[in-house]
Amino acid sequence: MASKQTKKKEVHRINSAHGSDKSKDFYPFGSNVQSGSTEQKKGKFPLWPEWSEADINSEKWDAGKGAKEKDKTGKSPVFHFFEDPEGKIELPPSLKIYSWKRPQDILFSQTPVVVKNEITFDLFSANEHLLCSELMRWIISEIYAVWKIFNGGILSNYFKGTSGEPPLLPWKPWEHIYSLCKAVKGHMPLFNSYGKYVVKLYWMGCWRKITIDDFLPFDEDNNLLLPATTYEFELWPMLLSKAIIKLANIDIHVADRRELGEFTVIHALTGWLPEVISLHPGYMDKVWELLKEILPEFKLSDEASSESKIAVLDSKLKEPGKEGKEGKEIKDGKEVKDVKEFKPESSLTTLKAPEKSDKVPKEKADARDIGKKRSKDGEKEKFKFSLHGSRPSSEVQYSVQSLSDCSSAIQTSHMVVYATFTPLYLFENKIFSLEKMADSAEKLREYGLSHICSHPVLVTRSRSCPLVAPPKPPPLPPWKLIRQKKETVITDEAQELIVKKPERFLEISSPFLNYRMTPFTIPTEMHFVRSLIKKGIPPGSDLPSVSETDETATHSQTDLSQITKATSQGNTASQVILGKGTDEQTDFGLGDAHQSDGLNLEREIVSQTTATQEKSQEELPTTNNSVSKEIWLDFEDFCVCFQNIYIFHKPSSYCLNFQKSEFKFSEERVSYYLFVDSLKPIELLVCFSALVRWGEYGALTKDSPPIEPGLLTAETFSWKSLKPGSLVLKIHTYATKATVVRLPVGRHMLLFNAYSPVGHSIHICSMVSFVIGDEHVVLPNFEPESCRFTEQSLLIMKAIGNVIANFKDKGKLSAALKDLQTAHYPVPFHDKELTAQHFRVFHLSLWRLMKKVQITKPPPNFKFAFRAMVLDLELLNSSLEEVSLVEWLDVKYCMPTSDKEYSAEEVAAAIKIQAMWRGTYVRLLMKARIPDTKENISVADTLQKVWAVLEMNLEQYAVSLLRLMFKSKCKSLESYPCYQDEETKIAFADYTVTYQEQPPNSWFIVFRETFLVHQDMILVPKVYTTLPICILHIVNNDTMEQVPKVFQKVVPYLYTKNKKGYTFVAEAFTGDTYVAASRWKLRLIGSSAPLPCLSRDSPCNSFAIKEIRDYYIPNDKKILFRYSVKVLTPQPATIQVRTSKPDAFIKLQVLENEETMVSSTGKGQAIIPAFHFLKSEKGLSSQSSKHILSFHSASKKEQEVYVKKKAAQGIQKSPKGRAVSAIQDIGLPLVEEETTSTPTREDSSSTPLQNYKYIIQCSVLYNSWPLTESQLTFVQALKDLKKSNTKAYGERHEELINLGSPDSHTISEGQKSSVTSKTTRKGKEKSSEKEKTAKEKQAPRFEPQISTVHPQQEDPNKPYWILRLVTEHNESELFEVKKDTERADEIRAMKQAWETTEPGRAIKASQARLHYLSGFIKKTSDAESPPISESQTKPKEEVETAARGVKEPNSKNSAGSESKEMTQTGSGSAVWKKWQLTKGLRDVAKSTSSESGGVSSPGKEEREQSTRKENIQTGPRTRSPTILETSPRLIRKALEFMDLSQYVRKTDTDPLLQTDELNQQQAMQKAEEIHQFRQHRTRVLSIRNIDQEERLKLKDEVLDMYKEMQDSLDEARQKIFDIREEYRNKLLEAEHLKLETLAAQEAAMKLETEKMTPAPDTQKKKKGKKK
């Protein structure tokens, strides 16, 4: 610390007062951290050290030694005061710092002191200029809250008395400060002129030592910007606040304008764990039950009621400005300015009620820890309710009972509750949040709180009864109790039932109550206010309305005066509930006959309230009392006002505590496993502290991304499934949060995952025992039986003992048998068959247990005694005694021992005899159950002897009995409660091997063993290793199938019982660094014992690796290589292939007699983890040359050269003999692999002469290994070298040599990788080869191989591959791998035989073939087809035959003749070009491959695919040697005159590898097609438009023509109509004249007729009518 004191560097922090170096050296804990480096960077400081009293006692409080040390460093000690090396603290934006001053700079007349008054303090009066800051309000409020929690009761009793010594306070805020004192109890810090102080605060899981200086911030008006008391020279509030602000600055503020995040001052001052609960409307009832359990409850009593009445009378007599014991209501008129006068009475008021309530049956907290104890008789309701919607209520009765697991005495956990509300910010985006904030602000004003001044309020008590006991009703005369009449209400309307609202109130305490607030009343119910809109009158009526102002006012006064009776019942008489009376009136009703008893009193209270309302704002005092004030809130209003409640748990009140802190700058998640097993419901308090930034790490700037909060999750975990468990806990925090996890009865496994960028601390408390830690710590706890399992087994075993003990007692035997049945058969089943099965399982298990525990020979009547106890005759048949329980469940009847058929008479006689004996035996058993009989005494004595043995180790035998029952897998056992714990029961076994140091980029096998599975079970293997890459493979040896993996990890899998077991293989890859020797552990986790066991005693860790390296030469069959394997003894092997191209798809196969036994595909590498090679029919030395593929050996001269090369290369090899390659991206073992297999044939002793011929074949898939131009050039050079070697060998073909050429076989035996001497090895091979060639009459043809790939020759630009075969160290010499050239050797042997029989046959055949081809191939000019060289045209078979069949002169002559002929016939290549493009090429390839005989079907398809691709991409090409190898009879002469290229489709049906070049080519083709289509479409559309325009013109012309024709027709028609009309009119006029003439004539005739008629006749007629 001395070096720190002399630091003069100004540290400018970024949103934090601290910095840190990311190195691990900056995390010392448990000791005083001293930074002695003089070159420490700015902003980088270690975490605050853990608290140590020894460090404080040895602390240097002045410059002293530090100045001398600075002299040594070359810096003069100019400053004689301490300056915090972490820099100045950062205050919220609402407080503007203008200057920093020391106490000596502002106090000239007095000497500063740390503590002035040890009994009282006032942090309110002198700090009103700070109350605009949310951070300062929280600091002041929470210091008051802690003071009230610890010292409220003691000070209340102290101020009651008139005299006495000052009390001994349990908590003093200045005791967190240390200066010039020792770390002892009750120390007093002193003023330090040097300015160095140490503060003790709780942070990140432990008490920390925080060093501060005494520089104080001031604003422009010279106001101190830190809380202070009324004594300006008292320093403890400023010093304590500086340390608290340091902690608060670490927190991340979620809202932009919030000054305080999730940091809580109470947690820093006490170390109590804050549980945060959001007040959600759906869980209000559960929150009330929780608070009712936690908080002390107010209860009515005679003494309390009398004191309350006296307090009410006193409050009326006191002045409005003075507050008494119960004077809260008149307090609103004028607040007291004298703090000393008010404080004693307020403290007395606050804490007296809990003292009186101690007489109530529910226990209350003492004066020191009031409000922190849980009630022992709390409700048993089980629910979950937390920050995320599920938080369990504290079930105290179970927690207390579960303390039997702890050694401490029974106690309850202490808790403190306070509530918070969010300030109303206008930048809130969510409109619903704004609505809630508005409602909250309105309610808070009613209770004298301001939503602007957000701060925590302490919740002190709960109340479920009236504050003042209602007066008792007068006693009724006895005669009125007889036949009471119901009160009748005369009305025609239905009566509404008034539901009485339950009384639920909470008392809160806050120093900001009524701060700068005008109390007012807001009536919420208007029962007496009548509506102006009367019934039957529309709203728009013109009738004048009657003013009801006076009446309404009168009613409101009456309303308030009447309701205040309910108010007095709902709120304390000394405190105001503004606007709440009407609500309670509705709940309690107006029908109470005794409501008017307190009417006058309440009217006076209302008048005082009204007088207060009439005062102007200027008359309100600007100061407030520094002591917390209390008020009762209705619970519903409480939920509206506040958004969160904090429950602080005292960790020391819990039986068990676990703490773990981890600090590292890492993004990794830390996992903890938790085991808990209890017979009672489990409650775990989980507290999580996260450190998300420190110093420069995570510094907040404008452009920086948001910092993620710390995260802690807890989920149920099971090793038997990959499915994530159900989430039971999720905590997001930037500081510290806690929650309670509720688990049901039983055994549980939880997985905690903690994430925090810088560090975290986890603290778990519980009343039940639990185990938490790493997997190896927790896992052994799941092997024993669970508590419920043991309890159930003991219950059954004790019931059995009770039956045996009372077997002689007639009265108790039947009850004991019923108890036994209840114990093992708790839930009756309706299924008779299942019930019978359950009883059989129980009886058989009990019989096996009793039989097993017999140390000596059992008594003769042992079986009879057991049957007498259980009364089961069919149980102990001899045929069923040794059958397993699972098999026995399915056996109901005994099968006859013979198949002999009996007659009906014999069967009837046997049944009769059996029935007689059975009846006799049953009567004996029943007689043995009758007490005082001879049989009963004998049976009882026998059972007592058995019980004596069982009772010696009762628990062990009880568990064995129940486990036997569970092994039967009977469905009835699922009804046992302990059956749920079977999911968490496990058994595990560890297997450890060691591996040696490995070089970089090396692949090796760590573990390979076969495990035998005795029974079907779910198993999960887990690997523990430090290797960077390690993959475990598990192979079923019966089916050769691999157990599935997810993300390269073996999943939990049901392993069935098989014959050959399962092989576990672990492969590893070292990566770019050296891997030191270490241990590798495999853990097998199963559901039950016995687990699979090794096939031998101990695992093997010594393996031999054979490496074969060679270059990839493309071929038509796409085969990478083929190697034959011969073994002398059956043994397993691991096969791995790696290619230089990391994205090449390859397929690795093991063929047995050309049949695929197992295959694996991979990208860049492929592995067959385990394959068991069987012994061949004969030994390797006795095999014929046709079936033996030994290592190739070169000629004498080549051997010498090869040995020299090897000697030169050996120097550059690694010391272990394994090649060290710099290639990083080849052979990564994390490549996904697919392994397929064919069911293997069972080993049968009936076929002992079977010859196993194994071939290891690897092929390239999808043409995924295209070679670049440089690689093609390199491969072509290899081919030319191979041809030259072939010709060179042809000159000495008479020499007898062995097959093949030496490959690069690097043999790595064990992990030591010791390389066998090449010279010795070759000598042995040479001698063995000489013996073989001496026995063989004809040696096979030697086909030399290109020089092998050596470590120094590994070039990533060259296409090479590596084949590794891993066998065990002691079996490596019995495992031979040779190149497979059997088919080529057979062909060459056949040709050699023909050539030996008939010399010159090969030359003749070649000439005949060329002559035949030249006869029909169409000839072209030399310009079209240039001469073809001999190497390009000579078929491979011809070259081989020429080299083997004739001598050197003959071969030269034949070669020359062939060259001449082929030059003449070279013009026929044009026909071959056409022939390549025809469909007949496929038939040719098929027929050719079928004739060759040794080519597999995959090879055919790949060759056809390659040929088609070449034809399509390259088009016509020159004649190739591959086509010349085709048989001449397949070429038809008709092809010369037929061009079939137009009928050949240019698409390929076989799959091709989608490369970038192919994608680009396809994209270009598609774009060209689209472009052409668009052009064609444009042309078509333009033509269509032109046609349409022409059609429209033609249509218009036709219409015009038809219009003209119609007009002319109309004109002609009109002319005709006019002439016709004129003629018609003439005719009509003539007809009209004619008619008129006729009419005139008729009229004249009628007139003449009338004249001629006589008149008398007319007169006669008239007379006749009169008559």
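Glycine is treated like the rest: Cβ placed from N, Cα and C.
Residues or ranges marked as region 'Disordered' in Swiss-Prot: 1-45 (among others).
Among the features that Swiss-Prot reports, compositional bias 'Basic residues' is placed at 1-11.
Among the features that Swiss-Prot reports, domain 'Calpain catalytic' is placed at 70-411.
Annotation comment: Swiss-Prot describes 347-387 (among others) as region 'Disordered'.
Here Swiss-Prot flags 353-384 (among others) as compositional bias 'Basic and acidic residues'.
Annotated region 'Disordered' per Swiss-Prot: 540-566 (among others), in sequence order.
Under the heading compositional bias 'Polar residues', Swiss-Prot lists 554-566 (among others).
Here Swiss-Prot flags 763-890 (among others) as domain 'Globin', drawing on sequence analysis.
Cβ neighbours within 10 Å of His824 (heme b binding site), excluding its own Cβ and spanning all shown chains: 26. Summarising the annotation, Swiss-Prot assigns heme b binding site to Gln792, His824 and lists experimental evidence as the type of evidence.
As a summary of secondary structure, the domain 'IQ' (906-935) carries 25 helix, 0 strand, 5 coil according to DSSP. The feature domain 'IQ' is assigned by Swiss-Prot to 906-935, with sequence analysis given as support.
Each residue in the domain 'Globin' (936-968) gets a DSSP state, and the totals come to 31 helix, 0 strand, 2 coil. The domain 'Globin' feature in Swiss-Prot is assigned to 936-968 (among others); the stated evidence is sequence analysis.
According to Swiss-Prot, the feature region 'Disordered' maps to 1297-1355 (among others).
Under the heading compositional bias 'Polar residues', Swiss-Prot lists 1301-1315 (among others).
Sequence annotations record features per position, and here Swiss-Prot assigns compositional bias 'Basic and acidic residues' to 1325-1340 (among others).
The region 'Disordered' annotation in Swiss-Prot covers 1420-1522 (among others).
Residues or ranges marked as compositional bias 'Basic and acidic residues' by Swiss-Prot: 1433-1450 (among others).
Listed as Cβ neighbours of the domain 'Globin' (936-968) (distance under 8 Å, sequence separation of 6 or more from its ends, same chain) are residues 785, 789-790, 792-794, 796-798, 800-801, 804-805, 807-808, 841-842, 845-846, 848-850, 853-855, 859, 861-862, 864-866, 868-869, 885-886, 888-889, 927-930, 978-979, 982. All protein chains considered, the CB of Gln792 (heme b binding site) has 23 other CB atoms within 10 Å. According to DSSP, the domain 'Globin' (763-890) comprises 77 helix, 8 strand, 43 coil.
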